[in-house]
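Worksheet: one structure, shown below.
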Amino acid sequence: MNIIQSGITAENSSIAIIIARFNEFINKNLLLGALDTLKRIGQVHEENILKIYVPGTYEIPTIASYIAKSGKYDAIIAIGTIIKGQTDHFKYIANDTSSSLSRISTQYFLPITLGILTTKNIEQSIERSGTKMGNKGSDAALAALEMINVMKKLKKVIYY
């Protein structure tokens with residue numbers, strides 16, 4: 001019986017982080033959490049991390065698709081914050097972004113992890129970007145590291 005389990009170091013891996021500028025004061029903390037996890041826990045070298053800024057969360061999938069198609073990266077981390085307002089706009093942005101990233105991930109066999117907050121208010125966003133509720137950017141980076149390792153091990157079992 002073969003069992004594949006993930007590891008968390010990925011020092012020779014290349015990772016792209018796509019960051020939404022909208023709600024930048026929250027996303028900045030998510031990015032810092034992701035970078036800290038990649039470097040300190042994952043041992044990923046600074047020169048192997050590409051940071052790309054886009055206007056908002058809705059624009060992340062377009063860039064993720066472009067990066068995935070290049071085949072140059074081992075994972076993508078999406079960073080953004082969607083805060084519920086008075087209209088249903090929140091739902092559409094969150095659903096479209098999430099489903100698009102999932103589709104890109106499966107289409108290109110590339111881990112894309114979500115450091116995207118979907119919250120009811122600013123307070124919840126602040127709590128999830130490094131205070132009471134941890135840092136979802138850090139969580140997304142950790143998931144990316146684990147998925148990189150699972151994919152590398154799985155390729156050896158399937159293709160070699």
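Note that Cβ sites are derived from N, Cα and C of the backbone, with glycine treated the same way.
Per Swiss-Prot, these features apply:
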ACT_SITE  H89  active site, proton donor
BINDING   F22, T57, Y58, E59, T81, I82, I83, L114  5-amino-6-(D-ribitylamino)uracil binding site
BINDING   Q86, T87, R128  (2S)-2-hydroxy-3-oxobutyl phosphate binding site
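Here the features listed in Swiss-Prot are placed on the structure.
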{"residue": "F22", "record": "5-amino-6-(D-ribitylamino)uracil binding site", "Cβ contacts under 8 Å, 6 or more apart": "P55, G56, T57, G80, T81"}
{"residue": "Y58", "record": "5-amino-6-(D-ribitylamino)uracil binding site", "Cβ contacts under 8 Å, 6 or more apart": "I93, D96, T97"}
{"residue": "I82", "record": "5-amino-6-(D-ribitylamino)uracil binding site", "Cβ contacts under 8 Å, 6 or more apart": "N23, T57, F90, I93, A94, T97, I116, L117, T118, T119"}
{"residue": "Q86", "record": "(2S)-2-hydroxy-3-oxobutyl phosphate binding site", "Cβ contacts under 8 Å, 6 or more apart": "none"}
{"residue": "T87", "record": "(2S)-2-hydroxy-3-oxobutyl phosphate binding site", "Cβ contacts under 8 Å, 6 or more apart": "none"}
{"residue": "H89", "record": "active site, proton donor", "Cβ contacts under 8 Å, 6 or more apart": "none"}
{"residue": "L114", "record": "5-amino-6-(D-ribitylamino)uracil binding site", "Cβ contacts under 8 Å, 6 or more apart": "A78, S98, L101, A140"}
{"residue": "R128", "record": "(2S)-2-hydroxy-3-oxobutyl phosphate binding site", "Cβ contacts under 8 Å, 6 or more apart": "L117, T119, G134, N135, K136"}
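Counted within 10 Å of its Cβ, the other Cβ atoms near T81 (5-amino-6-(D-ribitylamino)uracil binding site) come to 27, all protein chains included. If you take the C-beta of I83 (5-amino-6-(D-ribitylamino)uracil binding site) and look for same-chain residues 6 or more apart in sequence within under 8 angstroms, you find N23, F90, L117, T119, K120, N121, I122, S125. Same-chain residues at least 6 positions away in sequence with a Cβ under 8 Å from that of E59 (5-amino-6-(D-ribitylamino)uracil binding site) are, in sequence order, A20. DSSP assigns E59 (5-amino-6-(D-ribitylamino)uracil binding site) to a helix.
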